[in-house]
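Input: a single structure, listed below in structure tokens.
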């Protein structure tokens, strides 16, 4: 009896000791778990705030700490996960359940219930027996007492293993006391331990939290149990075994290889913590109730295996920033702590799948690590989905980047609570104008009306495609439009237009927590395997909202990625998946992708749209800028709004009003005034000053190609009439007169052509400055170009009109040769001659005469010898005669300019007949003696005020002398023999040529032929085309045939024509025909002749 009482007392005291130690270990685990959370929070805070000071060393060290904490098992809470079917029961299961309360509402340790649980577990559960020593048959027959002894032995081994890493004398002493029952000494030792360990749960928790946490070693390591395949006792190893506890290792960025745990039969695969599903837990109904209540009230709300089972395949940034929802809240949020904690643990209840043991996260969005109260701002980031791939690539290559941390978490900017916005917040880091004014809705997109209309209708009507391609130049809004389109597809609002920006989907995307929108780019920076993991992990997951994948800058995508993407597209065709490819050109995409996608082209933005956007941004940012400066920025951006915004931001940093010279200086341009001065010198053939001015401009570090491009732009503006010459016009020579005359416009067009040809040489040359100088010196045209009018330049085939002089006025050969010499001398100083001619025109006092000379006249040569002589050329005889009338006024103007007597020679341009190459010189020596009306009547023109004339076409009749000469020639033809026909033909040709010349010079009223009408109407003297000559020749042939056949219709066998008809045919001939023999005609008389000679007539 005494022995039984002693044994019962010993067992009770040992059970009390064991329960107290188990309670302390459990409380120590919770306290250490909280300390790890605090440390993780500090690491994340340092990561997001300290990288500005030392972005290399601090980021790398903190990144390593985050990796270690994420992989560490000390962060997992054993109190939040129920025991699995095949997993050994945790020591937390031995704690008191619901209802074990004492006075004051605090928990206490019930030794009897704990001993019952220990005995029940030791007697029933086959998993609890994981001691390292074999159990003898005598021990098995010893009944409950021996079972309790074994339990005590196991608990003490576990306790000793948790307190230290080495197996020493303490473990052996405790083992001896428990196994051999050494009487009163052991009882006294156990009673002292029980008195020291019996404390409440809150007191122990306070002691653990207050105590020093540096030397605390986590004992919450998940046991790894390996079951032997043979019979007898199982050799087990694990954290609760104590004898074979593995040593701790320091993590250096490497992953811990998980050991395989085998089943008792050896046929099952590895047992992971993720297999603790709810259906398996439901088998332990009694244990689940108490455990759930304790989890809801006292735990932090995170299962100890949460970091492994929640959203597999995610990076440590995802796990640290989203999965851990417990943190430190502010003081005002403490009242709602229990409610928020209970709601958070309810949301994080994991749903299981019947066919899989792995957990799948719910569709609800996870919260950030530190959840503040509703008064604080939300998290904002710039990237939604590419960071998952970026972080995986970061871990793989052991790299560091601020993009991963800043893009996922952002940096907080503290505000006053009165200006709090729950969804948006501003970072301390400066935001560029491009980021700050990024379009958020379709309405904000600029200059892409067709694309916006098409995509908006597709969202409203839910007519979605699988593949979209947005292509176009850079800075036109392709990526922004893709993001807006993705947000609109996932928007939950029932109103249009979408996206609304207020629904849960839009808010989650703005906060960076939307998993339905994944953005990847640029693709060339990431691994092919990571992209495939992203596609395989998200495409096949069913979701109510469409999943959108944005591949930005897919120009660098490899062929393997295209092949894999095409396969994924084929598999994802019936699902709610949308792929948006953003590139600059369609040439980089394979034909398989292009044939399946909807293509949207984003053209360059107009300068007016860019100016409007920049003006709006400048008003928002309070930037003082001129309107012309905005136009210059827009013109230099080449249709890219992003480039224009970056230029405006760069100019705003100068801190002064932005003007056009400031923009030109910043972007490396030359002012328009300097460019016009350079062009004026080059076109005026001022070689020395042109070279000096060019070197002065090149000293400002301007590229020769850029300078040539600016010169071409200025010339184009001048030709278009959009350039203003009001500044410094009096100092220039070529651009002195406004508007520019036609000849000067021709010079500018020729200069533009010269610059365009020189640009090709400039691109391939090493000495660009020399080629640019040569091109500018070639802008001054030569003499042939100066003497050639714009009207004659179109013909191309004719020679310059100044080479054909009037032979009647220059009868002497010496005079014409002297004029040629003077003309050659004048070509050397042609710019000076032109300036003198312009000064002469300005000296004229008659306005109509000044206008007339400017349009119709031009100076050919100027001889400033002993007898100064001026040669003037006019386009037509009428203009020449008008100039002769005002000879005195012109002479006075020349004498006023040259300050010496001058002789003026007025000439008319020669005209060339295209048919017979006969030069007609319209020179009338008697014009000087006639008055203007008489002169007009003589040449047969009605002159108008504006200088244009109207010609009257008449037929030339023959004089009496010509008529007698013609009759004599006909008589000779009748009487001459047959052998002299050649001489007769020659005489007739000479006669016809003289008649044709007389016809063109003498003009009287009469009848007209069809050929002459065509010639006069079309300006036969100026024609050189084949079709017009052909039409004239055909008309002449028809006229000749009609005239020859006219008398033959009167009587039969009449081969003679009247003299009048013969004369008409002779005048109209151009090519003479071979004369027919008249031998037969002499023998046979004509019926017409007989009828005329009959006396009856």
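Along the chain as shown, residues are numbered 1 onward.
Each Cβ is built from the backbone N, Cα and C atoms, and glycine gets one as well.
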(request) Kindly point out the range from 956-1003, 1004-1051 that Swiss-Prot annotates with region 'Disordered'. (result) 956-1003
(message) region 'Disordered' per Swiss-Prot: which of the ranges 178-214, 363-399, 400-436, 437-473 is that?
(response) 400-436
(request) Determine the mean pLDDT over the coiled coil (742-770), rounding to the nearest whole number. (result) 87
(request) Across all the protein chains here, work out how many other Cβ atoms are within 10 Å of the Cβ of residue 479 (ATP binding site). (result) 19
(request) Please report the number of other Cβ atoms within 10 Å of the Cβ of residue 506 (Zn(2+) binding site). (result) 22
(request) Could you work out which of the binding-site residues (491, 500) has its C-beta surrounded by the smallest number of other C-beta atoms within 10 A? (result) 500
(request) May I ask you to report the DSSP-based helix, strand or coil state of residue 478 (ATP binding site)? (result) helix
(message) What does the structure give for the C-alpha distance between residue 477 (ATP binding site) and residue 500 (Zn(2+) binding site)? Integer Å is fine.
(response) 20
(message) Within a 10 Å radius around the Cβ, which one of these binding-site residues has the most neighbouring Cβ atoms: 474, 476?
(response) 476
(request) Determine which residues of this chain, when 472, 473, 474, 475, 476, 477, 478, 479 are set aside, have a Cβ within 8 Å of the centroid of the ATP site's Cβ atoms, and list them as they appear in the sequence. (result) 584, 602, 640, 642
(message) Using the alpha carbons only, what distance in Å do you get between residue 473 (ATP binding site) and residue 506 (Zn(2+) binding site) once rounded?
(response) 28
(message) Suppose we draw a 10 Å sphere around the Cβ of residue 472 (ATP binding site). How many other Cβ atoms does it contain, all chains included?
(response) 21
